[in-house]
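Student: Features from Swiss-Prot:
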type	residues	note
BINDING	Gly169, Asp170, Arg171, Gln172, Thr173, Gly174, Lys175, Thr176	ATP binding site
SITE	Ser362	site 'Required for activity'
Amino acid sequence: MQIKAEEISKIIEDQIQNYEQRVEMSETGTVLYVGDGIARVYGVQNAMSMELLEFPGGIMGMVLNLEEDNVGVALLGSDVGIKEGDPVKRTGKIFSVPVGDGVMGRVLNPLGEPIDGLGPIDAAEVRPVEIKAPGIIARKSVHEPMPTGLKAIDAMTPIGRGQRELIIGDRQTGKTAVCLDAILAQKETGIHCFYVAIGQKKSSVALVADTLRRHGALEYTTIISATASDPAPLQYIAAYTGCTMAEYYRDSGKHALIIYDDLSKQAVAYRQMSLLLRRPPGREAFPGDVFYLHSRLLERAAKVNDSLGAGSLTALPIIETQAGDVSAYIPTNVISITDGQVYLEPNLFNAGVRPAINVGLSVSRVGGAAQIKAMKQVAGTMRLDLAQYRELAAFAQFGSDLDKGTKAKLDRGARLVELLKQPQYQPMPSNEQVASIYAATRGHMDDVPVEDIRRFEAALLTFLRDTRKDVLDAIKEKQVIDEAVEKALTEAIAAFKQGWTA
C-alpha cells in the first residue's frame with residue numbers, strides 16, 4: 001500500500017483545523033495544618049468567605065477565616081485522610097443545598113445528602129445556606145394561628161405563623177416532646193415541618209424519626225441530623241441548612257415550621273471552631289459574634305407580605321439551661337431575639353404537670369394577634385386565675401382557715417392545672433380545646449373532684465364528638481363563641497353531666 005504525500009498533508013491539515021486547546025485552570029493551595037475539623041490552607045488568595053474548597057478524598061471545606069497569608073477552613077467531613085502538604089482546590093461555589101418537595105419525608109445530613117437509605121433526592125433547585133433575611137417592607141405582622149395542639153400553649157402563649165417562639169428549660173423537662181407535638185398537630189394544616197437535630201445522640205434522632213413515622217407525620221417532615229459524633233462544622237451549619245430548605249416553602253407562598261434542637265449545642269460547636277481558628281474569646285469563651293450567629297438564623301423566620309406570596313416560616317428554637325439559669329449568655333441572647341418563650345420547669349415536670357410549662361414566666365409577644373377569637377373568649381382569665389392560684393397556694397400552706405372566695409380560687413386553680421395536663425403525642429384540635437377550657441373557666445367543672453378532671457374532660461369530648469358534633473363544628477367554622485354557640489355548648493355540657501358519674 002502506497003501512502004500519497006497529499007493525503008498525509010490533508011490529514012495533518014484537518015487535525016490542525018479541528019484542534020481544540022483545552023486548558024483547565026484551577027487555583028490550588030496547600031494544607032499547612034489540619035486537626036479537630038479545622039484546616040489552614042496556604043495559596044488560595046482569591047478564596048471567598050463561605051466558599052467550598054475541595055480536599056483529597058472528595059472532602060469539602062468551607063472558608064471561614066480570610067487572613068493575610070492563609071485561610072482558615074472548616075472541614076465538612078472527617079479530617080482523618082487529610083495531612084499537611086496535601087493539595088487543595090478552589091471550587092468557586094458557595095455552600096448550597098437541595099430544596100423542594102423532594103426533601104419531604106427524608107432524613108438528611110447538614111450537606112443535604114440523604115442518610116436514610118432511600119435513594120437520591122429529587123431536588124427542585126439548590127440554594128445557598130446563608131441567605132439574607134427578608135427586609136422590613138417584605139414582612140407582614142403575625143396574624144394567623146399556628147396551632148400546637150397543646151392546651152397550655154394555645155390558650156396562654158399562642159403562636160402565630162411567622163413567629164419565633166423559644167422553648168427553654170433544663171435537660172429532661174420535655175422540650176423536644178413539646179416540639180414533636182407541634183409537628184403532629186400540623187397533620188391537617190398543610191404546614192411543612194423541619195426538625196434540625198444538633199449534637200443529639202444518634203439513638204435520639206432515630207427515636208424522633210420512628211415517632212413521626214408511627215404517627216404518620218414523617219411524610220410532611222424533613223429531619224436534618226448533625227449528631228454528637230459529627231465534626232463541629234457540621235453541627236454549626238445544620239441549622240442554616242434546615243432554614244434554607246424551609247425558606248423554599250415560605251418563598252413559594254406556603255407555610256413551614258422549623259425546630260432547632262438545640263441552639264445551645266450549636267453555640268458550643270461554633271465556640272469550638274472559633275477558638276481553633278484563633279478568634280478572640282469573649283464572655284463564657286464564646287466569640288464576639290455569637291449573637292449574630294443566632295440572630296441571622298432566627299431573623300429568616302418571617303411572615304411575608306401578600307405581594308411576595310403571603311408565605312410564612314415559623315421557628316421553634318430550643319435552648320437548654322443549666323439548673324434553671326435563664327440569665328446565662330446564650331439564653332439571654334436568644335430570649336432577646338425571639339418573640340416570646342415557653343419556659344419548662346423541672347419541679348413541675350417531677351410533680352407530674354406535663355407539659356411542664358411555667359405559665360408565669362412563659363410569654364408570647366406577638367401571638368395574641370394570631371389567637372382565634374373563641375380561644376381568647378374562653379381563656380382570657382386563665383393566666384390570671386393560675387397566677388392567683390400559685391400565689392394563694394403558697395400562703396395556704398401556713399393556715400387552714402380560708403374564706404370562701406380564697407377557697408374557690410384555690411379549687412378553680414387546681415382544676416385548671418389538672419386540665420392543662422396532656423399526654424405526650426396526643427395534640428388536641430382547637431375546637432375541642434375551646435370546649436374543654438370553656439367547661440373549666442365557666443364553672444362547669446367546679447363540682448367535679450380534682451382527681452377526676454381528666455376523666456371528665458375525655459368523657460365530655462367523646463360525648464360531644466358522638467352526639468353533639470354540631471357544637472364542635474360550629475366552633476371550628478365560626479371561630480367565635482356567639483350566643484347560639486354558647487347556648488348549645490352549655491346545653492350539651494349540662495346534658496352530659498346528667499349522665500356522668502364520678
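The backbone N, Cα and C atoms fix where each Cβ goes, and this holds for glycine too.
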Student: Let me spell it out: for each of the binding-site residues (Gly169, Gly174), count the other Cβ atoms within 10 Å of that residue's Cβ, using every protein chain shown. Which one has the most?
Tutor: Gly169
Student: Within 8 Å of the Cβ centroid of the ATP site residues Gly169, Asp170, Arg171, Gln172, Thr173, Gly174, Lys175, Thr176, which other residues of the same chain have their Cβ?
Tutor: Glu320, Leu344, Pro346, Phe349, Ala356
Student: Counting Cβ atoms within 10 Å of each candidate's own Cβ, which of the recorded positions Gln172, Thr173, Thr176, Ser362 comes out highest?
Tutor: Thr173
Student: Where does Gly169 (ATP binding site) sit in DSSP terms: helix, strand, or coil?
Tutor: strand
Student: Of all the binding-site residues here, Arg171, Lys175, which one's CB has the most other CB atoms within 10 A?
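Tutor: Within the set of binding-site residues, the most crowded position is Lys175.
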Student: In angstrom units, rounded to an integer, how far apart are the Cα atoms of Thr173 (ATP binding site) and Ser362 (site 'Required for activity')?
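Tutor: Between the alpha carbons of Thr173 (ATP binding site) and Ser362 (site 'Required for activity') there are 15 Å.
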Student: Asp170 (ATP binding site) to Ser362 (site 'Required for activity'): how many Å between their Cα atoms?
Tutor: 14
Student: Taking just the CA atoms, what is the gap between Gly174 (ATP binding site) and Ser362 (site 'Required for activity') in Å?
Tutor: 15
Student: Taking only the binding-site residues Gly169, Arg171, Gln172, Lys175, which one has a CA atom nearest to the CA atom of Ser362 (site 'Required for activity')?
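Tutor: The smallest Cα gap between Ser362 (site 'Required for activity') and any of the binding-site residues is with Gly169.
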